[in-house]
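*Asks:* This is the structure I have questions about; it appears just below.
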């Protein structure tokens, strides 16, 4: 760059230097400006021609970078010039630091630091006076205010320092000033209170009353996921924590899990009467008969001993005959010789773990060997590689082969006994959309040829030459690679800005010779000819002269893969129907010319044809980088490039989760997406952090002068630790010209000689290289800090890098002395780093109060309120991010050791824009950082075309979503804390409702932003161009969190209070025509009117909690739209499957029952044999697991707790699982935590009327198997009453069925209790061990004699209910009669004068021992008894869907869909020893 335009400014520099020296007496004096400049320049070169270097000064420009880029005159005003303000880029106005002004800057920093200390002392004094003036100040403990207390204890020292600098050293004057300040503050507080008393007197008094309330967040929102291979802690910010924090959801899960157990009992009774056939082979050999020669000497390869007597064989009338997958004609004399002496040790070559209990699926379900669906080993819960499509376990089969037969390739049957021809027909069949996730197949011919080469070497070791040859076939052509790199740095680079663009392109040019196609072009790719010969020029050789080049190759593969996935044409199509127009944002296509749009479309079409397969990354990281060894064994080869690859690898695993099936070997099949909730990311991030410590990234590079001498020698590899092999022709200089790599060896040696310092031009280039290396150093460190904060926020785990300034002094990237005039987009990256770090500091303040045990154990309400107010000011744009961070520090909410003091010289203009400005930026050419003035047309013409501006705004959009998600979480925590306190302290009802409304507003905001993102990702030149992969999971996760709160509110709106309002039985003695047709028609009419109103509902508006009866319907409409979205996204993203299952689960569960359809269909509609819910399919995978599987689900562990299986193992009585226990200790179980009885914030006076009408409309008769119906009774007896709280708390159990009343022979008598009603004493949890494996004989209610005898055995029940005219008083409905979730009755003697303390088991009755009578339960009767949850009438069909089927042998191991709750069915090591202990092992 020419220096001519700046020669006139030389005298001004000298004059400014002299004036600055005179102003700063502490600065070093200098005689001449030249001497001063040379003294401040790095002493790199001490040669004889030093005088020449002094005459050619290293001058720093005074104009701002933007004006120099636009080549206009700059007025040099601070903090931003007028030209940048007029053009609308004032936030980017940047001045390079002058070397002569360093000492003056230090003095200014000291003044700013003193000013901040004064403000901080005042704020702390105000906070402490507020705490001491509260009524609860006497009980205040030191650990309750760790930050404020510690800071105030040190405030004397700070105050003394302030007074010493201002000239007041007297302690008496210090105390006098402090008292005056306190008096002034008290006067201001009194004045503010009196001024606001008239407006909000009630809210202020309530807020002041409860400000010092303490919350314990260490127990209410913590989960421990117990797996077979360990435990995983999930903190308060994890998406599953809401399952534990909400009492309604906890009770609902308890009800569902107990229902699952009862349904298993029903299934067992149904299946226990079927005849077991153990002598028949489950394989139908008639379809594939063996040859005559083989039939005489060979046996079926299936081990028939594996089929025990307890496994059900296929019936004769099976419509789809099973065909043995083994072709018995293929077994020649040399294949699988029979072992006559060890016949019991023979193993079937068929991998039966792919099927259920050894039974082969029908032909239409046979997996195709050519399909991409991953095979799941349900016995081990591991994800097998997608290549193992053949059902034969080749590991067991090949070891019995002779070597010559195993290597034979002439006959396919000699390798595998499977007749693959019978399976080819199924390859063309379309896979179901909800089971198969389509993987993008490579479309180029070279890629298709690379897969067999990779598969042949997949299980064996590959040499480096073989790996490189395979990668050459997998990589796209050279021109396509250059286009991919340009697309990445243009669109995706701001999301992971840890590379130096020039340096990386130089590496790629050396490794792949990309510039050989067109040596005259400096930046490859964009200006190259588009001829077909250049497009198809393949990669023939990959040069890896250094160890770090392998990591650079891995980074390149990740860039190619991520960029291809992020092309807008590859994004998922989303059609939200009529609501699509509500979520559209203006695009920027109108600002581009038609030729630019056409050129962009051609480039994208070219890139779509060349996909880099994911196997290329697997080969590189396994054989070339050997990343597993580097990250776990040794750090000998760890350098800066290795850290960069590890960060890219982590970023790729989180973004492109569909590729994880071949990249990871996790055992986390319980989660739908192992890429986002897996603990493997925690381990990888910890490895990255340790690598950074090993490389010294936590220390600023200015602390190491030796970097100035070593970087030029190894500038191409910025942190190379050695050369893999001698290559003297390698150019080691960091040359920006692409043609440097094509020069001959003599020019390279000459360039190497130039490092001696004889050429001043090269010295300047080396100094620039040093600064760029230090810049990359700082960017990598702060990106790791941001990764740590994001992981802690996502998983609720503690941060690894706490109190950053205690061990790190690395400066922000803005401290780098780099001239950005040639790289404006790097200037945007630098400013983003500063802004995002400040936002991370705000997030850290929230995480400290929620996740840190020392703070979360006794966090106070006013601290959470302060965090809420500051975050609201930040996201609404009412306060600058610098002011927010300063307020957090002054209020003691953020310690300075976290890094707040590093931002003392931040640019106050560059802040977080408002969300509406971000979304509407493309409309009317609005300025992103407008200051309120109208912009003229001439200014718009001068506006600088900023690179990757849409990507930066998309990142701003994601920051807004994160901040508002935190606001939702904080309001939700306070809401769940104060809502149960309303029954004891009515003043908290106002607080609870305010927090609930705020939580709902922010939840709806996250819901809308999620819809906006996915509704605009396919629009051309939209805000989210090329961000569909990177931001998909964060946006969908926030939308999923929002829906969880919607479920909580729907439960409150439909269930009513937890005191048991309308907890009467829905089972009456009426006939099938007993429905009130007028009530039903009225309900249908009201529902139709509400649906018409919902069609007119604006999804962009907030929902009011005072909506009344329509609240549940409004929220349900949001759930249905989100379910529609996740169903469409499930075709592309694996993690959307889990969220679709979760949403469909609650939609199916909370859907209003259809009474007419249920009454017409009868009992057959509920039979589970061939029934499937029309909305959700295969929902009940996690609930169909066995006992061990459920006990390791964190939701089950929290809802029901652990139950020791001692009861099931003691004795062998058939009814031992249902016998009465003497005490809770004998069961070895723990109790549910006490839950307060209270009314929800959505409860209104109309809830009682609505629930009464619902209960009457839902009333149905009880049907017996013999069709007996009695129409003479209209009594409605409650089947489950909430227990009365004895001390203000009640252990509310899931309200299951206990007894339904029928009038038989003129008297009111109880029916035979269900199996689960006969359990332990009051308060014991229902145990999963009651599911027995023996045949159970129960009395048949259809036989009058047997039924009468069973009634005679129940004398305690008849003493209370024999009178037909007896009605239960209202006091009983209010909780005087207690019935736990197991069904045991316990009434209050003060209420009705009688007590039901015991219940006689049918086991001791005469009829129980009568084998001639057997009880056959009816499923419809069973479902109707258990469809009431705390007044919420759950659809019985939904119960069938969500609870699932019995684990009979026909369904063992089946898992057709991915679950949304983490489960595991293998015992964890170490816990099995505690199963028989006398103390509880949970909580």
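Each Cβ is built from the backbone N, Cα and C atoms, and glycine gets one as well.
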*Asks:* For the record in Swiss-Prot, which of the ranges 216-242, 432-458, 459-485 is the region 'Disordered' one?
*Replies:* 432-458
*Asks:* Could you tell me which of the ranges 1356-1383, 1384-1411, 1412-1439 is annotated in Swiss-Prot as region 'Disordered'?
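*Replies:* Comparing 1356-1383, 1384-1411, 1412-1439 with Swiss-Prot, region 'Disordered' matches 1384-1411.
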*Asks:* With Swiss-Prot as the source, identify the stretch among 105-134, 255-284 annotated coiled coil.
*Replies:* 105-134
*Asks:* Here are the binding-site residues: 64, 81, 93. Which has the lowest count of other Cβ atoms within 10 Å?
*Replies:* 81
*Asks:* Hey, of the binding-site residues listed (67, 74, 84), which one tops the CB count within 10 A?
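*Replies:* For the binding-site residues 67, 74, 84, the Cβ with the most other Cβ atoms within 10 Å is 84.
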*Asks:* Around the recorded Zn(2+) 2 site, report the further residues of that chain (criterion: Cβ within 8 Å of the mean position of the Cβ atoms of 64, 81, 84, 93; site residues excluded), sequence-ordered.
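*Replies:* Here the non-site neighbours turn out to be 65, 66, 67, 74, 77, 80, 82, 83, 85, 89, 90, 92, 94, 95.
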*Asks:* Rounded to the nearest angstrom, how far is the Cα of residue 84 (Zn(2+) 2 binding site) from the Cα of residue 67 (Zn(2+) 1 binding site)?
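*Replies:* With the alpha carbons as reference points, the distance is 7 Å.
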*Asks:* Return one of helix, strand or coil for residue 81 (Zn(2+) 2 binding site), based on DSSP.
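*Replies:* The residue in question, residue 81 (Zn(2+) 2 binding site), is coil (DSSP, three-state).
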*Asks:* Determine, to the nearest whole angstrom, how far the Cα atom of residue 81 (Zn(2+) 2 binding site) is from the Cα atom of residue 74 (Zn(2+) 1 binding site).
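*Replies:* Given the Cα positions, residue 81 (Zn(2+) 2 binding site) is 7 Å from residue 74 (Zn(2+) 1 binding site).
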*Asks:* Summarise the model confidence on the repeat 'HRM 7' (1192-1197) as a single mean pLDDT, whole number.
*Replies:* 52
